[in-house]
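S.K.: Just dropping this structure here.
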Amino acid sequence: MMIFSFLVTFFILGAQVLGENMKELVGTWSSKSNTVFTGPGFYDPVSELLIEPDLPGISYSFTEDGHYEEALYRVTSNPKNHSCPTATLIYQHGTYEIKSNGSLFMTPIAVDGRQLLSDPCGVDTENDASLYSRYVQKTWFKKFQVMVDSYNGRRKLQIYQFDGSPMQPLYLAYKPPMMLPTSALNPTDSASETKSSLRKRIKRSLENQYRTNARIETSSAKYEFWWWTAIAGIGLGSAVIFLH
């Protein structure tokens, strides 16, 4: 009986920890360039258009009920010709799961992933230097940490890849997250949406999102408040000890 009670308690505590981890992830996170964000500013599913940001970077968004969105813009230099860098834009969304060991597993909706590869000096660039295609790639991260950056006071997400190497840090940009609808955007069955109905669904989703008072996280005021509160507490405690 004691063993059964222990196991029940163990699983309950484990579920609570996973729930707290999911709450920590909620929001839209962006890399230091602060130019790449998930949502309609990166991918237009109605026009099948990936929109190139001003600077390279990455962005991830997470909801508390297990949905995610990914926006990647990477530029790779060409060692043989520095004027011919290769650019890649990738959009995916789907569901994510936090495993009991703290790893993060993301499963995309296969019909919705898109990739735009731009190679201005490639072999087949006489007609078009860009290749637009479907893209699907499951992702597994070994672990992640959410913390407050000691330098700028912003919330920071540090993700570690499957081999344990850290990715570039991400910073909280929007909460609630800025995302497209979490269901399939490009269904392929007989009940496929028209562009008009898809446009209306996206518009309705974004309108509902704005009603949640999504806000951009750029101020560190609340962190400064707690910092100075802690300093004041330490000073008060020191004064009491000194007077005694």
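Cβ coordinates are placed from backbone N, Cα and C, and glycine is handled just like the others.
Feature list, courtesy of Swiss-Prot:
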- Asn81: N-linked glycosylation site (CARBOHYD)
- Asn101: N-linked glycosylation site (CARBOHYD)
- 1-19: signal peptide (SIGNAL)
- 20-222: topological domain 'Lumenal' (TOPO_DOM)
- 223-243: transmembrane segment (TRANSMEM)
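Situate these features within the shown structure.
M.R.: Residue density at Asn81 (N-linked glycosylation site): 10 other Cβ atoms are found within 10 A of its Cβ, drawing on all protein chains shown.
Within the same chain, no residue at least 6 positions away in sequence has its Cβ under 8 Å from that of Asn101 (N-linked glycosylation site).
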S.K.: In the three-state scheme derived from DSSP, which category covers Asn81 (N-linked glycosylation site)?
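M.R.: SS state of Asn81 (N-linked glycosylation site) = coil.
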